[in-house]
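Listed features, source TrEMBL:
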type	residues	note
BINDING	33-40, 158-161, 195-198	ATP binding site
ACT_SITE	H40	active site, proton donor
BINDING	Q66, Q164	(R)-pantoate binding site
BINDING	Q66	beta-alanine binding site
Amino acid sequence: MPTPVLASTRAELASLLDAHRGAGRRVGLVPTMGALHDGHASLMRVARDQVGDGPVVVSIFVNPLQFGEGEDLDRYPRTLEADLAVCEREGVDVVFAPAVEEMYPGGAGPRDPDMTTVQPGGLADLLEGASRPGHFRGVLTVVAKLFGLVRPDVAVFGQKDYQQLALITRMSADLCLGIEVIGAETQREPDGLALSSRNRYLSDGDRAAALALSRALRAAQERAAYGVPAARWAAMSVLKSEPGVELDYLALRAADLGDLPDHPEAGTVGRILLAAKVGTTRLIDNMELRFS
Ligand code: PAF
């Protein structure tokens with residue numbers, strides 16, 4: 001059978017996975033919205049390491065429920081042929097690429113007011129959740145559906161969407177789903193730009209301006225030894241010096257996204273996270289902070 005096998009219905013997916021499960025193999029899932037890049041490829045490699053000769057499943061689904069009014073649902077890149085080539089290169093076994101009606105059956109689709117959805121905890125109201133109300137309800141609902149359809153042993157998500165990763169980890173634990181959620185490191189261009197499907201919207205000028213994001217995060221890392229206000233100030237001065245960046249938020253939080261005191265105990269690991277508009281494109285990025 002050619003690799004990967006493409007399943008577009010839930011029934012096709014189930015029959016492909018039954019054979020593997022019958023043989024007692026571990027199943028790995030990498031949920032994506034497509035427009036795959038090297039960051040996604042690295043998630044597939046992490047999944048492969050986890051499941052050995054078990055199947056790695058990549059889902060490709062642009063989930064309408066996680067996009068708000070006026071967001072980029074319609075223009076989000078859909079590049080199935082190129083995505084299949086990435087999956088083939090990475091030795092993915094199954095690509096699940098359903099239509100919207102397959103994931104949200106019934107006439108009303110993803111906006112069905114009677115549909116059961118996953119309501120995230122308070123962590124979803126901060127940061128991305130404050131700027132994009134309802135976004136994480138949409139993310140957790142579709143990820144729960146994918147977990148139900150694939151029933152993976154392990155699922156791999158990128159740390160670039162750090163808050164999403166934290167919420168999915170909590171969902172798996174809180175709802176006793178029994179799925180190990182792994183966060184894989186953010187992949188970057190040599191000049192520091194975090195890989196993102198949305199980078200393809202950037203003009204050359206936008207792309208140059210967008211480098212201020214990773215520069216700001218690195219500046220904060222370098223000042224973390226002096227405490228949270230110093231680290232924040234270092235990041236802000238980089239961002240303010242780049243007129244092409246319109247900052248949405250910059251936050252320094254504990255690793256679990258809880259509050260941080262101004263001067264955390266030595267050894268504390270935190271996170272600095274930001275979102276900004278560059279041209280017409282909204283980008284997010286984050287890095288670890290080590291306080292000494
Ligand atoms: O990170 C993404 O690409 C999406 O939010 C996800 C997890 C695939 C859910 O649609």
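Start at 1 and count along the chain as shown; that gives each residue its number.
In case you wondered, yes, glycine gets a Cβ from its N, Cα and C as well.
Positions of the features from TrEMBL, shown on the structure.
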{"residue": "M33", "record": "ATP binding site", "DSSP class": "coil"}
{"residue": "G39", "record": "ATP binding site", "DSSP class": "helix"}
{"residue": "Q66", "record": "(R)-pantoate binding site", "DSSP class": "helix"}
{"residue": "G158", "record": "ATP binding site", "DSSP class": "strand"}
{"residue": "Q164", "record": "(R)-pantoate binding site", "DSSP class": "helix"}
{"residue": "L195", "record": "ATP binding site", "DSSP class": "coil"}
Cα separation, Q164 ((R)-pantoate binding site) to H37 (ATP binding site) (Å, whole number): 19
Within 10 angstroms of H40 (active site, proton donor), Cα basis - binding-site residues out of Q66, G158, K160: G158
Those binding-site residues in H37, G39, K160, S197 whose CB falls under 6 A of ligand 1, listed in sequence order: none
Among H37, H40, K160, the one of these recorded positions whose Cβ has the fewest neighbouring Cβ atoms within 10 Å: H37
Q66 ((R)-pantoate binding site) and S197 (ATP binding site), Cα-Cα, nearest whole angstrom: 16
